[in-house]
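**Q** Have a look at the structure that comes next, please.
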Amino acid sequence: MDGGSGGPYTSRTAEEVFRDFRGRRAGMIKALTTDVEKFYQLCDPEKENLCLYGYPNETWEVTLPAEEVPPEIPEPALGINFARDGMNEKDWLALVAVHSDSWLLAVAFYFAARFGFDKEARRRLFNMINNLPTIFEVVTGAAKKQTKEKAPNSTNKPNKPSSKMQPRPESHSKAPKPPAPPKDDDESGDEYADEEEEERDNTLCGSCGTNDGKDEFWICCDSCERWYHGKCVKITPARAEHIKHYKCPDCGNKRARA
């Protein structure tokens with residue numbers, strides 16, 4: 001994505017900045033997980049200040065920081081290589097992950113500022129970013145742990161939108177967003193219905209980051225357990241009936257690369 005200290009800026013959307021964020025994030029996760037041995041070797045403490053960069057095309061690089069001042073975009077943490085041999089490897093990787101998360105947010109909202117995002121566009125961008133686990137959560141395994149902890153709380157409430165955090169029966173992932181259960185006469189039933197309504201309103205599409213079209217067809221990814229507008233992932237109700245286990249575009253691409 002273009003962005004620098006000079007020159008005109010063309011209009012960009014929150015979705016475009018999010019795609020840039022997601023690509024950089026994927027590259028950095030790759031460096032700290034599947035390519036970790038190569039990453040470890042490149043971070044030689046005998047070398048100068050090194051940085052971990054993630055790029056929009058889902059690649060990564062360990063290199064020296066940009067020489068230009070001020071830099072074209074915010075720079076990642078300097079000198080990640082210096083602490084490598086003085087820490088436990090897992091702790092060091094977790095530290096790099098934390099700094100990587102901070103850098104990704106800085107870059108995303110740098111673009112948001114330069115492209116003149118208003119309050120609503122910034123909100124959409126943040127919500128889309130916040131739907132993804134942080135690099136730290138992926139590297140330390142906290143993301144999987146959170147999913148497992150949330151699943152038991154939702155097993156008896158299959159209609160709650162928060163069930164996107166747990167595996168759902170096939171019928172739930174192939175149907176429009178489930179309606180809230182009917183209100184009971186007792187007070188506890190009313191509270192539960194209110195909670196259902198609030199959580200349904202807060203459920204965001206994993207692709208466009210909005211909760212528009214509550215009456216439209218939605219589908220849930222059986223891998224990452226996020227909800228999507230059918231139109232955003234090009235899945236119709238008729239086609240969904242023939243899909244046993246649905247994978248969203250992100251999860252499908254990860255499997256192909258693996």
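Backbone N, Cα and C atoms are what each Cβ position is placed from, and that goes for glycine too.
Worth saying up front: this structure is predicted, and the values here are computed from it rather than measured.
Got these off Swiss-Prot a minute ago, pasting:
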{"type": "COMPBIAS", "residues": "152-165", "note": "compositional bias 'Polar residues'"}
{"type": "REGION", "residues": "143-205", "note": "region 'Disordered'"}
{"type": "SITE", "residues": "Trp218", "note": "site 'Histone H3K4me3 binding'"}
{"type": "SITE", "residues": "Asp222", "note": "site 'Histone H3K4me3 binding'"}
{"type": "SITE", "residues": "Trp227", "note": "site 'Histone H3K4me3 binding'"}
{"type": "ZN_FING", "residues": "202-254", "note": "zinc finger"}
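Help me picture where these features are in the structure shown.
**A** Following the DSSP three-state reduction, the secondary structure of Trp218 (site 'Histone H3K4me3 binding') is strand. The Cβ neighbour count for Trp218 (site 'Histone H3K4me3 binding'), using a 10 Å radius over every protein chain in view, is 28.
DSSP assigns Trp227 (site 'Histone H3K4me3 binding') to a strand segment in the three-state reduction. Within 10 Å of the C-beta of Trp227 (site 'Histone H3K4me3 binding') there are 21 other C-beta atoms, taking all protein chains into account.
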**Q** Which whole-number mean pLDDT does the model give the zinc finger (202-254)?
**A** 80
**Q** Give the distance between the Cα atoms of Trp218 (site 'Histone H3K4me3 binding') and Trp227 (site 'Histone H3K4me3 binding'), rounded to the nearest whole Å.
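**A** Cα-Cα distance, Trp218 (site 'Histone H3K4me3 binding') to Trp227 (site 'Histone H3K4me3 binding'): 7 Å.
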**Q** Return the count of C-beta atoms lying within 10 angstroms of the C-beta of Asp222 (site 'Histone H3K4me3 binding'), excluding that atom itself.
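**A** Result for Asp222 (site 'Histone H3K4me3 binding'): 17 neighbouring Cβ atoms inside 10 Å.
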